[in-house]
Amino acid sequence: MTQPAWSAGGRAYEQHEGNVIFLLGGRLQTSRDNPLILLFTLALVFGGPIVWVAFEAHYVWTAISPAPLIIFAYVTLNAWASLVRTSFCDPGIIPRYLEDGDKPSEKSIVLTRVDDGGVAGSLETTIALQWCTTCHIYRPPRASHCRACNNCVDTIDHHCVFLNACIGRRNYAAFVSMLVHLFICIIISVVCSALHLYHVAHPTTDAQRSGTGSGFVYALRHEPQCIVFFWVGSVFLIPVSCLLTYHVWLITQNRTTIEQIRLEASGRIYDMERKDADCAENYACLRMCVRFSAWVRQFLVAPTIVSSSDKGNNKRRRSPFQRPHASQNAQAALGRAVPDVFMSWRDAPP
Ligand SMILES: [Zn+2]
Ligand SMILES: [Zn+2]
């Protein structure tokens, strides 16, 4: 039997065997997988708003209104905090060697379904727990082993290459918060840049006037940064809004990205067939966002992570975790409580 890390002495993180770099005495962490992309993301998310404020703040404050700038500062700070929380904090890594020995026996747990799954019969579902040969644990339902981080992560959504971290039970809410705030941040910068350009082309007050000329060509020559901010913002708005739409939809189903891919892979795209509650099918724009996100996602999620061992066995059309109403699902998805067993290992005595 292999002993838990902390029983050999020292801090638990120092003896952690995953592919993870720990910083500041184990308070922060990031995957060893590809820290360079994380640096690029940090430069973009921290640098972008600073550059925009440096060029546009004065004009927005004096010629438009202080309000957009104050809101911009607020959402940017929230986006930064959410990014750090998502990228550098524990996504829900399940400690290794929780079992006494190597795969002692087959294990399955009985879950009471939160609805009837659209099928008449028992409300109880039996889920066989999968043994992780790397972590030496039985994975709880909804957990998966991330190859990039070499950890099992509880309620894993996906491994984000741009944040160089898993998105799981503990940081999913922060991830969604980051998307929401980035979305608002980009909208404000794009709209204000467009207004700046429009005002310079057709000034009606002295504050809006920039120099002596007017017209669109004059505005482009005189304030070229506006069109750069407008286009760059618009380009980033597309993936951010698609990702946000996709996750809002997943949240209303209480489903993770990996679960959705597994369902699609096994030919059970059940929610697409349901008539109630599925707004994604009713609006062409939403449907397009969801499909575009699914297409982008194929480049980001390794095929190995989505292979499901129970392919085709389960005839039910909803997961046991899906509630009948979108609001209940959202509450469950964003407020996932961390089980006690995952809290105890951090504070375990040496
Ligand atoms: Zn594992
Ligand atoms: Zn990962």
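Glycine is no exception: its Cβ is also placed from the backbone N, Cα and C atoms.
The transmembrane segment annotation in TrEMBL covers 36-55 (among others).
For 61-81 (among others), the entry in TrEMBL reads transmembrane segment. Long-range contacts of the transmembrane segment (61-81) within its own chain (CB-CB distance under 8 A, at least 6 residues past either end) are made by residues 45-46, 49, 53, 177-178, 181-182, 184-185, 188-189, 191-192, 195-196, 199, 205, 207-208.
Feature annotation from TrEMBL assigns domain 'Palmitoyltransferase DHHC' to 128-262.
As annotated by TrEMBL, transmembrane segment applies to 172-198 (among others).
Here TrEMBL flags 228-252 (among others) as transmembrane segment.
According to TrEMBL, the region 'Disordered' annotation covers 308-333.
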Tally of residues which DSSP labels helix, strand or coil - the domain 'Palmitoyltransferase DHHC' (128-262): 73 helix, 17 strand, 45 coil
Average pLDDT across the domain 'Palmitoyltransferase DHHC' (128-262)? 88
